[in-house]
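K.L.:
Annotation source TrEMBL lists signal peptide at B:1-23. Feature annotation from TrEMBL assigns transmembrane segment to B:247-274, B:281-300, B:306-326, B:389-406, B:434-454, B:475-497, B:503-522.
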Amino acid sequence: MMTSFLFRALDKNAALFLGLLTAIIVAVPALNLLLPPDHPLHVPTYAVTLMGKYLTYALLALSVDLVWGYCGILSLGHAAFFALGGYAMGMYLMRQIGTRGVYGDPLLPDFMVFLNWDTLPWYWYGFDMFWFAALMVLLVPGLLAFIFGWFAFRSRVSGVYLSIITQALTYALLLAFFRNDMGFGGNNGLTDFKDILGFDVQADTTRAALFAASGIALGLCFIICRAITRSKLGKVLVAVRDAESRTRFLGYRVEHYKLFVWTISAMMAGIAGALYVPQVGIINPGEFAPANSIEAVIWVAVGGRGTLVGAVIGAVLVNFAKTWFTAAFPEFWLFALGGLFVFVTLFLPKGIVGTVTDNWAKVSRRKHAVDERPGDTPSTRPAPNPAE
Amino acid sequence: MPYLKSLLVVLCLLILPAGSAHAQEDTESLRPLINELAGGGFSETEQQLGVLAATGNPGVVPALEALADGDLYARKSDGVVFIGERDGRVYKLTDPLTLEPAGEERRRDMKKIKVNNGLRRVIRTALGTLTLMAPDPATRLAAADAMFKAQDPGSIEALDLALTQETEPRVRRKMEAARAAAVLKSDKPEAVKLGAIATLEALGNRDALSVLSGFLPEAQGAEVPATETAMARIDKTLAAWGAAENVWYGISLGSVLLLAAIGLAITFGVMGVINMAHGEMVMIGAYVTFVVQEIIRTSAPGLFNYSLFMALPLAFLTAGLVGIAIERGIIRFLYGRPLETLLATWGVSLILQQAVRSIFGPTNQEVGNPDWMSGAFELGQMTITYNRMWIVVFSLLVFAGLMLVLKKTPFGLYTRAVTQNRRMAASMGIRTPWIDALTFGLGSGIAGIAGVALSQIDNVSPNLGQGYIIDSFMVVVFGGVGNLWGTLVGAMTLGVVNKFLEPYAGAVLAKILVLIFIILFIQKRPRGLFALKGRAVDA
Amino acid sequence: MKKTATGMALAALLATTMLGGAQAQEDTIKVGILHSLSGTMAISETTLKDAMLMLIEEQNKKGGLLGKQLEAVVVDPASDWPLFAEKARELIEVNDVDAVFGCWTSVSRKSVLPVFEELNSLLFYPVQYEGEESQRNVFYTGAAPNQQAIPAVDYLMNEEGVERWVLAGTDYVYPRTTNKILEAYLKAKGVAEEDIMINYTPFGHSDWQTIVSDIKNFGSAGKKTAVVSTINGDANVPFYKELANAGIKAEDIPVVAFSVGEEELAGLDTEPLVGHLAAWNYFQSADADINYDFIDTWHAFTGDEERVTNDPMEAHFIGFNMWVNAVEKAGTTDPDAVIDSIIGVTVPNLTGGYSAMMPNHHITKPVLIGEIQDDGQFETVWETSGLVPGDAWSDYLEGSKDLIADWRKPMSCGNFNVKTGKCGGSEG
């Protein structure tokens, strides 16, 4: 059972991707920790953290691709799940500070002392234990997605209506978390973390470990996504994407399939958020901003929708471009980024991976005039009319 | 300070008749007194004001007015006082007594005679006393208002005198109110005060309530219950008006949402383009208004009140042309792939924002309210600001105009035909690409004129569009995509719901609740308030 | 195959850009500028970037620093708080800057704090803030609450005779803390609970009808009422527009603001707002020769006679000069040496006096109360007789009244508890 599951998940391309990912997971921390700083191949800690952040974004993009690329649910609110996972982790990290906060209160985080709170709110209990926080990282986004999806899919809210109410969801959460009365630190969010599982978050080794953890999480989630999309379930999902009503008339309980993949996707986004927070050192309501969710969708579109690998590449590429542009042309980088989005839509409508695979397919078809169908054509084909 | 004020008023009254006789020759003798104003701190200035007013000489009025406006300066070198008008790095000087031009000085060589709220109140009261019998009713009204706010027992006589001659009912009412307010502060007998309480109760507004509640702690005997009943009655009327006010605020917010969303109802609702650059079209409209006002300010300041009328067509054209350019350059390649329009228009929106930031700078630009959009009027006990009222009217006009275009013109017919069945329309001879471009241009142009209106109440900055984009999408989706009536009803509903929640839940929570309301509502009606029916929608 | 190629190319690109910066060790002293040039905060922060570029250019004209030219490194953190941390790290690790001038919002400062601590660099933070912080690597050149809020309230109480208070703010940490402090302060002065109204609004709030009407209602209780506004930059324009149109005059209900400066007023017709107040440590209208020179240089630098100056610009002016002096004193740009040498450094401020860096990394400042004029400027109507030292830990908050900060040796502590005699907060 397990082997067949894995076997299904791993074809040539996926294996290649996972191999590359493993190489990066091993090589980057090694080059960072083992080589002296003046060695030409040394990877500075700055770069490790940065790449770690890209990997968590890639995981978020992967989760968006799973629902959008394979099930046609365009979520403009996935950053909400990402941020909730991040907050769960952030709360754990806050509790770990203990008496090292500026006020030295053993129980209350600094911002609560600051606002004269005298007791810890009930929802902060348990977050001093890592296992509990880790569970919440999965449960909170998962549960929210389940409840939201339960109602939305049963009511057959679809297409752009669904997109907009996911946006309303993340916007409402954004406003809610901004409120200082909520007890999550308001606009400042949670910050000034000291250590995670007893290790100093600022230490090079911890950073390298977090980087590796992000890579491993990405790899595992990739395998899961791959397994889902290549299973019978995955075929139904694609059917739902391409013709929801027909699939329903064929006797499939469309909403169950949708709900399942939606919840899984939200949990993945939660994991991404949880790994993101210790690496960037802050979580605040800004992560809920609707623009962030839209950006995540754009990463997927740039990389290639419905390809999984494309989502990862898109996320890394766009964010790398952002990092580079904001430093290289601080005054004009929005032109470059905006131009990139327009360019990709007009000239690479299937995203980078989709276009590359298509061309590859053409070339190889020309080479061996005989029919040798390349890898995964069904998944790279975008829906004819995904909004409706 | 109150003592000084009353002293001032009394002095004015006493000396007024005596002083005016020698007004002419006294003008020059005022100069040293005015120069004294440059003396020192506020208390010295206040004392000197007393001295000036005590001369009772109308010659001081320009100087007092200039001082209240903060336009009075002393030359650092010799301490002579002038009225100054800023002109680049210099001040243009005017003599405060003869009102003749007196050359100019570098800004760093002049010292401004400082004025604060306290001084301004003193000046207002002093000028009020002097102008209570002025020929212009507006001036008299302002004077009476100043008296009302001053609540100075010393002014009762002046008011009585003025009341004997006053014929304008509106000014009379204000004077009576001012007199009543002053009586409550005086040591007049109880019966007089009870009369004053009744006058104020009849006035029945917030100002009256304010005076009465200020009086309550000092009230004695029969005055206490009288004041309390009067206050309770005013409270009750005000509460009823408060509900009406909430509805009005809701409609006003709804009209803003409607304006912001109505262009999107075309580009997104009718054409199906997920137009993330919609907000930037609104921004372009606002910036057009700014540019028009700048040009008017520098070349024809007299036309400022018409600036918005000039900005409207220009904003429509500019935003419309940008919209057509976007449609021809990008969106036409994306029909049938609506989600990719999201990606491309998001890119366009980033580019437009940065373009505006590079051209105009990142800071807020000043867009002024023309006179007819400034201020407020009273409707019963409700204050309605002109700009909000005109925006409500304007949004309804825009809506009606758009309906007319879509329902009654050939272009509207083509648009509807193309959006309902593109191929059929094409085979009937409609040039669909042009209709697409024009429709997108129309939606963008409407967003542009919305920008003209929104520039009147909000920041004009590169972020302007971002602030409205989410709300606009909510409104269109809530109302039902593709239905303009839905947009109208949706916007008004969300506006009113929001404003009714706000007093109870606070601004933040109200907004969250509205969002949750939208989410739940969509569960109930998955295609919005006014859903399109038929098979076409499920394609 | 192609994927591998893409991946490889990407990795190579990453590697080159990230390693590239480290080699550029030239004969200049680098200064990082970390202000948002895009996104919501660009409105306020872009000006500060320009101001820093001007200060650096001026210093270079004077012969630079330690015989070297200064070089500005500008990055855009795009109003994205985690990006602030990333960019700060990039400035210090990749570009090798010796000091960073930047941040505006509290959250951006909080976001970069651990980075500066870890990499031991210097941050000069130029904006008025909520206090309750003193960090070894950060110098707070803006106002602490005791340098802005409390004097303003004193002024209203004493000069305007205000008895009823509306504390209106945007819902984030600066207004929350300031209002907490003010509430405690007002109550200590005998103001009754029912005479204080507190109201919070979200960021970028643009529909102020209800709140302005509430303020009017609250103000009609027969007592002199004032509004203390900690409303954040962007929301102020619609707030003041509503206020002006609703006919609330400064003579009746004055509004004193702590986040509204010349820059914010530039987007407004101030005619109906004359007399509303703001409390800062500098106004462009300050009557001092050094200020006129500064304004002239600024206008020449920007090529725009209409560009205004404001308080955070002055804070950068002071902070930059302090850093320059401290580096000259220490003879090196090494952060540890500068942290030691900068305490006690005194430089001219733009209001004609001098400001000194104190052991708690805050500076001494005059407090000015200004009234809005019809030309968009402020007129100083009151100022403290002497300089007010910035208080890192408020005396009016329960958790912090026993805390002090002193970064001189041997104490070297940002949160020393005078009761327990220990470094490390108020408990235990």
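Backbone N, Cα and C define each Cβ position, glycine as well.
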K.L.:
Short question: most Cβ pairs under 8 Å with the transmembrane segment (B:503-522), which of B:247-274, B:306-326, B:475-497?
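P.N.:
Stretch with the highest Cβ contact count: B:475-497.
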K.L.:
May I ask whether the transmembrane segment (B:389-406) has at least three C-beta pairs under 8 Å with the transmembrane segment (B:281-300), counting pairs 6 or more apart in sequence?
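P.N.:
With fewer than 3 qualifying Cβ pairs, these stretches do not touch.
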K.L.:
Which stretch, B:306-326, B:434-454, B:475-497, tops the Cβ pairs under 8 Å count with the transmembrane segment (B:247-274)?
P.N.:
B:475-497
K.L.:
When you look at the transmembrane segment (B:389-406) alongside the transmembrane segment (B:434-454), do they share 3+ Cβ pairs under 8 Å, ignoring any pair fewer than 6 residues apart in sequence?
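P.N.:
Yes, these stretches are in contact.
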K.L.:
Counting only residues 6 or more past its boundaries, what in the same chain has a CB within less than 8 Å of a CB in the transmembrane segment (B:389-406)?
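P.N.:
Beyond its ends, the transmembrane segment (B:389-406) has Cβ neighbours at 251-252, 255-256, 258-259, 262, 266, 372-373, 412, 415-416, 442, 446, 449-450, 453, 456-457, 484, 488.
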K.L.:
Mind checking which residues of the chain, 6+ beyond the ends of the transmembrane segment (B:306-326), have their Cβ under 8 Å from one of its Cβ atoms?
P.N.:
267, 277, 281, 284-285, 288-289, 292-293, 296, 345, 348, 352, 368, 370, 373, 437-438, 440-449, 451-452, 456
